[in-house]
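Some notes on the structure that comes next.
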Amino acid sequence: MVDKGAKGMLQAMEEAGDASVSPGAGRGVNEWRRHTHSTPSVHPKMAAAQGPVDPSSPEQMSWRMISQPLHTGVEGTSHSLHPAESGEAWAQGEAIPTRDITHEAYEDESENGFMPDEDHSLQRGNWGNQIEFVLTSVGYAVGLGNVWRFPYLCYRNGGGAFLVPYFVMLIFCGIPIFFMELSFGQFASQGCLGVWRISPMFKGVGYGMMVVSTYIGIYYNVVVCIAFYYFFSSLTSVLPWTYCDNPWNTPNCVSILENPNITKSTQPSAMLGNVSQALNQTLQRTSPSEEYWSFCVLNLSDDVGNFGEVQVHLLSCLLVSWVVVFFCLMQGIRSSGKVWGDAASQIFYSLGCAWGGLITMASYNRFHNNCYRDSVVISVTNCVTSVYAGFVIFSVLGSMANHLGEDVSQVAEHGPGLAFVAYPEALTLLPIAPLWSLLFFFMLILMGLGTQFCLLETLVTAIVDEVGNQWILQQKIYVTFGVAVAGFLLGIPLTSQAGIYWLLLMDNYAASYSLVIISCIMCVSIMYIYGHQNYSEDVQMMLGFPPPCFFQICWRFISPTIIFLILIFLVIQYQPITYNQYRYPSWAEAIGFLMALSSVICIPFYALFHFRRTDGDTLLQRLKNSTKPSRDWGPALLKHRTGRYAPTIPPSPEDGLEFQPLHLDKAQIPMVGSNDSSRLQDSQM
């Protein structure tokens, strides 16, 4: 029986509209309140299996304790517990934490056009429909890398033989990790930083993803700006790379339209009498498209350290590219061995794993969205596109090699040059060539922008989620503008005469094998620190079924093992980077390694930083406390925080507390941002 005095005091305080005592009184008075307006959310499949639910049954009641936070003597601080420790929290009389997004769960959703049982996040936002997410993810995965990176790597590593390790990596590493990132972001509804509430010590993985996305975002938009320049150059009756009579052409230029019958066997006897001179002349042949790329578009310097002048035409197109990216994203997400090592890096690069973009996009999904289906569809679509682009470009390269009398290895450049040499050359052979050129480069622009949108959104979402206050949520457009301006300024050196050297340096080091390392550490931390069983239960709570057994085996054993072995082979078989015949100096390679390490080094640095700030009597206890889930890890919306994420143990009569209805207009809800800062907000219903 509850003490009558305590009962009367609580009732009097409820009538007065104050649910707690003054801060000076210390802990305050906790209230137990029942959510009478909703019941715990379960996946539709699970609900169908369970049959009709009786809202009045004790098993279906969701209890939440709303209180004044525990004052520690420091203004603005409070304590909260992870749901796994909810039993302790009930016993000690502490408040169960809720995030800022939890506040929206109390709103009258019918006024916003949503039914109470929908998964919509009113404050953070969701995709308008599932097609938006799938198409955006396909646009993110299917980018310029499918056009120029995959065909080059495929040729360099044996042509069709490269497809064997490529598809092995796709099946055992690519698709499983792709699904892990989608489910990871969707479950927590957070970006690449906020999701690491799952194990705060590994939040450095999220920072590493941000660094990788920054590097890629800087040079990727430079490739897009080159596509813009080719697009504008196609607005003419004759494409400028069709013939060899332009100011930038050299005597070695040979046009297929001007000399359609020139081949390696006939040209020497036709042009020169001396065989050795003919051979030398043959080896120097170049196509108009290649000279247009090197001498007109890039105005290439002779050394990576010789920046020369900024190319105004590229700088202007870079500005156009960043302006387009900003205006498309200003309203947020809804508007918008050596061989095996190359195969692994291309899979992660092409799918966008470890960039942070997959986690970010999935965080805007509704909680019960079938991300398993989406991961398979998007991964297969991406790889089919890569293979198709490979067939097309091999046909073009074969034709160019036959015409120039060169080996294909002399025709195929590494990097964007492949797309901007081989394809333009093929376009000159088509009827109404300028029209086809406009369409082709418009396609390249769309492919590049689709990836660039997600890269920028990854950085913006991480910053907004990390700060986590109401002001930055409302002023997100300024964060987007700031990131876009910074990206433009950092991309200016890449528009210089040495820009292509630095672009390829960033592509080879900053956004290659570091992706593989980050993905491996993410797998290990989730599977072995948080626990594969815990994560499987999270996915089942979200989707209605656990992850397939094959994926669980890949996450735990196959993917980390393959990635680890590949990294060892890469170290043993390391080869210096080259661009055509130019070999990078050692100091440039050192800068490349520093860029690669700058993303990976975030992981141990942040782990050490977090470990030093974690309380514990012993080193082992501090290590345990620093790796266990944060107190507010779990689904974002209150309606989804069921099972181990919501306290279901009612208070005992000995606590001297009484169940009372929850008055939403009087409740104060602790709000915790991703940076673990707490604050109070009055519910306004």
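All residue numbers here begin at 1 and follow the chain in the order shown.
Glycine is no exception: its Cβ is also placed from the backbone N, Cα and C atoms.
Since this is a predicted model, take the numbers as computed values, not measurements.
Going by TrEMBL, these are the annotated features:
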BINDING   Gly139, Ala141, Val142, Asn146, Ser350, Asn382  Na(+) binding site
DISULFID  Cys244-Cys253  disulfide bond
REGION    13-60  region 'Disordered'
TRANSMEM  163-184  transmembrane segment
TRANSMEM  205-232  transmembrane segment
TRANSMEM  310-330  transmembrane segment
TRANSMEM  376-397  transmembrane segment
TRANSMEM  435-456  transmembrane segment
TRANSMEM  477-504  transmembrane segment
TRANSMEM  510-532  transmembrane segment
TRANSMEM  553-574  transmembrane segment
TRANSMEM  586-609  transmembrane segment
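Cys244 (disulfide bond) falls within neither a helix nor a strand when secondary structure is assigned with DSSP, and so counts as coil. Taking the recorded positions Ala141, Val142, Cys244, Cys253 in turn and counting surrounding C-beta atoms within 10 angstroms, the largest count is reached at Ala141. Each residue contributes its Cα atom, and for Asn146 (Na(+) binding site) and Cys253 (disulfide bond) those atoms are 29 Å apart. The stretches the transmembrane segment (477-504) and the transmembrane segment (205-232) are in mutual contact, each linked to the other by at least three Cβ pairs under 8 Å (pairs 6 or more apart in sequence). Taking a C-beta cut-off of under 8 Å and a sequence gap of six or more, Gly139 (Na(+) binding site) has these contacts in its own chain: Leu446, Met447, Gly450, Thr451, Phe453, Cys454. Non-local neighbourhood of Asn382 (Na(+) binding site): Val138, Ala141, Val142, Asn146, Ser350, Leu351, each in the same chain, at least six residues away, with C-beta under 8 Å from its C-beta. Through the fold, the transmembrane segment (205-232) approaches residues 143-144, 191-196, 297, 313-314, 317-318, 320-322, 325, 354-357, 359, 416, 420, 424, 437-438, 441-442, 444-445, 448-449, 451-452, 455-456, 458-459, 462, 487, 490-491, 494-495, 499, 502-503, 506-507, 510-511, 514-515, 518, 521-522, 525, 595, 598-600, 602-603, 606 of its own chain, all at least 6 residues removed from its boundaries and within a Cβ separation under 8 Å. Only sequence-distant pairs (6 or more apart) were considered; of these, at least three Cβ pairs between the transmembrane segment (510-532) and the transmembrane segment (586-609) are under 8 A, so the stretches are in contact.
Over all protein chains present, the Cβ of Ser350 (Na(+) binding site) has 23 other Cβ atoms lying within 10 Å. Residue environment of Asn146 (Na(+) binding site) contains 24 other Cβ atoms, counted within 10 Å of its Cβ in all protein chains.
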